[in-house]
Amino acid sequence: MRGCGALLVWLLVLSLAWLGPALGGEEEDGEVVAEEEAEVLSDELREEDSVLVLHEHNFDRALSEHRLLLVEFYAPWCGHCQRLAPTFARAATVLRNESSPARLGKVDATAQTALANEFGITAYPTLKLFRDGNRTHPLAYTGRMDVEGIVRWMQRRASPSATLLQDAATAAAFVSSQDLVVVGFFKDLEGEAAQVFYEVASELVDVPFGVAKAAELFQAYGLSADTVCLFKKFDEGRTDFPVDPARGLDAAELTRLLRVHSLELVMEFTNETSDEIFSAKIPHHMLLFLNKSSSAQLALQDGFQAAASAFRGEVLFVVVDVTGFGADVLPFFGLTPADAPTLRLVKMENNRKYRMDQDTFSDTAIRTFIQAVLDGKVKPHLMSAEPPEDWDTRPVKVLVGKTFEQVAFDETKNVFVKFYAPWCSHCQAMAAAWEELGERYKDHEDIVIAELDSTANELENITINGFPTLHYFPAGPGRKMVEYKSARDVETFSKFLENGGTLPEEPPAVTPPGPTRWCHGGGRCPAAPPGTPQLPQPHHGSRPFA
C-alpha cells in the first residue's frame, strides 16, 4: 500500500491513530443499558459543544427545526475526523452565539449505517448541508476546514449571497469597503446570468458580492451590457468580465477568472500568501529568487513585473526572498542563498523545473524564456546528487540522477529500485527490509537492488508520485518499467523477483489528490520533519479564494 501519498506537497499531514472508546462505568441492575437504549430511540436533540448529536431517530426532527443544517458524517477512529472535531465545535458555537439560523450536527456513520447508506457516505469526514428540511438533495460542503471558513460558508447561505446596490452612493461605499469586491451588473436580476452569478457568490465566501440593476449604476460605471466587475485596490484596480449575449455566464469559468484576477500580478511568497499561490490553480509558476536586503537585486523586480501581464492566468509570477520565508523552499530547487538572483519556471502538473540563463533579467528576456518553455522548446533542469564513492559496492546500490540510466536500463540486469525521501517515515519503516533484500541478492549477477533519493535527484522520463515508490526494470531491450504495488516485506519482494517481476495484482491504494507544490520528487508523506514545506493548513488570511 502506498505510504506517502500522490504528490509531494508542503503541509505536514499527521495521521493520528484512534485510541479506542473511553471506558465507561460498570452497569448497575441494567439501568445504564436501559438509559442508553431509551436515548437512542428518542427523537430528542442532544448537543455536544454546540453540535447536535444526530441519529436515525432524531434526524427528521433536526431537519424540521433548523432551516440550515450542516452535518458531519464521521468515524470515531478517523484521525482527520478527530482533528476536525474541535474546529467544528468552535464554528458551531460561533453560529449559535450569533443567533444564526444555521446549525451544525454530527452523525457517527459507523453506528448509524442507515443514514450513511442513505446519503452515500464513503469517506470520512463528509460534510453535507441540508436546507429547508429537504433530505433528498443535500449540498456538499465546499468551504475551508477551519472555523472562519465554516462560519463564512454557512453565513453566506443564511442570507442573500449578494448585496443589492440600489444607488450610486451605496455602490461606491460597497466598492471601497474591501480590498476586493465583486459586483454583478444585470438588467434582469431574475435572468439566467444573474442566477449563475448568485451561485458563484455562494461559493466564493471570502469576498463580498454585490449586484446592481439600476440604469444609473450602469452609466456610473461605464457599462452598457450585463457585466461582472472585480474591483481591487492594487494593480489595475478593476477587471471586467462581460456576459456573452449568446453563451451567458458559466459558473466554473467565472469562478476561475475571479480567482486568477484576485491575485496580485506579482506576489511575494510569504506565510500569508502561500495558500493563495497554491490554490489559484494556475498551471505554471515563474519564480524570481532574490535577496531583499540587496538594492541591486530588488531592482530586478521591475523587469519581472513588466513581463507578468502577458501571461496572466497561464503563469503566476512569484518573488521568493532567499533570506526570509522563502529560505525553506531552496532545497527543493537545489539552491542556496548564494545562488540569488536566479529564475525558475515550475510546471505545476509534474513539478518539472526550468532554469533561465542569468545573463539578463529584462522583461523581454523573461517573456521569451517563458514562451519557449510553453512551446516545449526548453528541456527541464534536472537535479542530481554526486554518487557516493562506494555506491556500487554496497548490497543496495545507491543511484543518483547521473547514474540512474546506466544502471536501471542495463539490458543484462533485472533492477529493483526504491525511490524514497529521507524524511518519510514509511520509507524509514521499510529500510531494514530493503537492506535485507539487498543482502539476499548481492551475489546474483542478474539482479540489482537499488535506491534513489528523489528529493535530491530528478529523472527526465520518470515522475515519482509518492514515497516510497518501487519500480522494477527487467533485463532485455525496450526500457521496460513495472511498478511494484504488492506487500512490502522481504518474502513478497523475493517472490516478485523470482517470478520475473510478477505477482497476483492487488487493488492499488487510492489517495486523494492535493494541490501541487514547488516540490522535489513528487510524494506526500505524513511524516515530513518539522519545517518541511508541504501542503498548507486551511487558509487564515484575509485574501479571498484560498
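Just so you know, glycine gets a Cβ as well, placed from its N, Cα and C.
Heads up, TrEMBL stuff is auto-annotated, nobody curated it.
Per TrEMBL, these features apply:
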type	residues	note
SIGNAL	1-24	signal peptide
DOMAIN	14-159	domain 'Thioredoxin'
DISULFID	CYS78-CYS81	disulfide bond
DOMAIN	373-502	domain 'Thioredoxin'
DISULFID	CYS424-CYS427	disulfide bond
REGION	521-546	region 'Disordered'
COMPBIAS	527-536	compositional bias 'Pro residues'
Task: Inter-residue C-alpha distance, CYS81 (disulfide bond) and CYS427 (disulfide bond) (nearest angstrom) - done: 26
TODO: Calculate the per-residue pLDDT averaged over the domain 'Thioredoxin' (14-159) and state the result as an integer.
DONE: 82
Open item on the list: Please identify, from the disulfide-bonded residues CYS78, CYS81, CYS424, CYS427, the residue with the sparsest Cβ neighbourhood, meaning fewest other Cβ atoms within 10 angstroms.
Closed with: CYS78
- [ ] Could you tell me how many residues in the domain 'Thioredoxin' (373-502) are helical, how many are strand and how many are coil under DSSP?
- [x] 35 helix, 25 strand, 70 coil
TODO: Do me a favour and check the Cα-Cα span between CYS78 (disulfide bond) and CYS427 (disulfide bond); whole Å is fine.
DONE: 23
